[in-house]
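Residues or ranges marked as transmembrane segment in TrEMBL: A:38-60, A:81-105, A:111-128, A:140-159, A:181-201, A:222-248, A:268-292, A:313-333, A:345-363, A:384-402.
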Amino acid sequence: MKRLVGVTLGILTAFGGFVDIGDLVANAVVGSRFGMSLAWVVVVGIIGICVFAEMSGRIAAVSQRPVFDLVRERMGPRAGLVNLGASFFINVLTLAAEIGGAALALELVTGLNYLLWVPPVALVAWLVMWRVKFDTMERVFGLAGLALVVFLVALWQLGPDWGALTTQLVRPPQDEGVPTYLYYAIALLGGAMTPYEVFFFSSGGVEEKWTRKDLVTARANVFVGFPLGGVLSLTIAACAATVFMPVAAEPDSLGQMVLPVAEGLGRIGLGVVILGVFAATFGATLETALSSGYSLSQYFGWQWGKYVAPGRAARFHVTVLASVIVATALILTTIDPIKVTEYSLVFSAAALPLTYLPVLMIANDPDYMGEKVNGRFSNLLGSFYMVLLLVVALAAIPLMLATKAGQ
Amino acid sequence: MISQARPALLALLTSLLLSACVSPAWDDHDYALKAGKTAESAVSAVRFARSAVAYRERITGPYAEVLLTEAVQDLSSVNDQFGGVQPPSDASDRIRDEVLRLTEKAESEVEDLLIQARRDGVKDPATALRDLDRLASELSDFAEKHR
């Protein structure tokens, strides 16, 4: 019974914690401009993140070492450093976007400019990372993120034309060009397969001391929790397609993105969705900040993690604090957090092979994995995704330039 | 390793800067397309302002203010950006006057609504909705004509 509760709680946490600012922004913008015609990308992204998160969870459970710890050992310090540089840069950019997102959620409640909320959000996030236990922190914000299910209720309440939504699945709007369509496909994929999710998942497995016995829980989190999160992403896109697309409105702020819930469910719905957005972005703030500490510490072989006393993992905690300060400073320059999110999605997409190739290599190495090495199906899927991610990585920046970031 | 990473970093920064730039209009056709895009962006902002007024009873005051503030900022940015593009000929001047008349009117109307919302709420919501609908429709027609 206790195990069942643990698995259920893990699934719900993975579900509630799946959506972050990147998913919110990408799905709302795509839904308003392309309807449901890019839903297939979300499905491809969810399968991809499931494949690689399962591998990284398995690596953590079998070797009791997280992915980055093994990247340097397996790929050598030079290749590991390139990997670290790209991941760390994207992590800090994503962290800035998440801090901005949490501050924007508070602006919607209070009416006070989000810039005033940025320093308190960053300070509280650092305090939570410093003081609160890992599993408590993960559960509280993951479960609070479930409030975003309100998008599903709102969609039902809005009474969309289901036939039109279904038709959009196979018929992209004629007035959008192919490069713009592909640019947003890449942004959606970047949102669904954000690199920090894998670092956090595997490092979290080590923090929670996973062993081979925990593989069932890890797989349940990945194969049930993440797809449910994907359904939520599609619902956000469907809400945008229902409310914005018919009147040619394109949301470019968090306030505008939650409007369908306000229209469908009024003040209560608005309150719930803002809570969900805050939990999702604040939870992702913690995950990205910790991921910065994890990746750097694991590469350089420093003591890391929340399970050891801060005094014994000083460099890890300094890295986390420095990342939070840099990300906060970036948002305080008044750069639009939604723009930061959009760029971070595309750069994430460009760096995806760097993140996922080592995962595939290590999960396929019997020296590390023993009999828990990848099976044929995992290798087949993993190899297919590596080719896909390589194409995406090569196309991401040229498409961003050609479409002027999707304009 | 650092010297190898430099070109990549430079390329990254350049790409960021380039993607954020407003490019000049090369000819009348290009200018008209830019004017059409400007009208499209303005329609979007006007629609959000309309939602803030239409659903004022169902949403909170701070949220309505945020929606209206963002609509004003979007319209102001649209005006600034398009206003900065040099029209290549006299024919383009006419297009410029036409689109800026509409977008500047939209900015002014939404700004008035924001001021009212910050005081005691929108005074005459029915008229405000009618005006915003008319503006959105005129802007849509313009955007359609210059697509």
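Including glycine, each Cβ sits where the backbone N, Cα and C put it.
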If contact means at least 3 Cβ pairs within less than 8 Å, sequence distance 6 or more, would you call the transmembrane segment (A:111-128) and the transmembrane segment (A:313-333) in contact?
yes
Given the transmembrane segment (A:268-292), its same-chain partners at Cβ distance under 8 Å and 6+ residues beyond its ends are 16-17, 19-21, 24, 88, 91-92, 94-95, 98-99, 101-102, 104-106, 108-109, 121, 125-126, 128-129, 137-138, 141-142, 144-151, 153-154, 157, 196-197, 199-200, 203, 254, 258, 261-262, 306, 319-320, 323-324, 327
Best-contacting stretch, by C-beta pairs under 8 Å, relative to the transmembrane segment (A:181-201) and drawn from A:313-333, A:345-363, A:384-402
A:345-363
Answer yes if the transmembrane segment (A:313-333) and the transmembrane segment (A:81-105) have at least three CB pairs under 8 Å among residue pairs 6 or more apart in sequence, and no otherwise.
yes
I'm a bit unsure how to read this: which one of A:38-60, A:81-105, A:222-248, A:345-363 has the highest number of Cβ pairs shorter than 8 Å with the transmembrane segment (A:140-159)?
A:222-248
Among A:38-60, A:222-248, A:345-363, which stretch has the highest count of C-beta pairs below 8 Å with the transmembrane segment (A:81-105)?
A:345-363
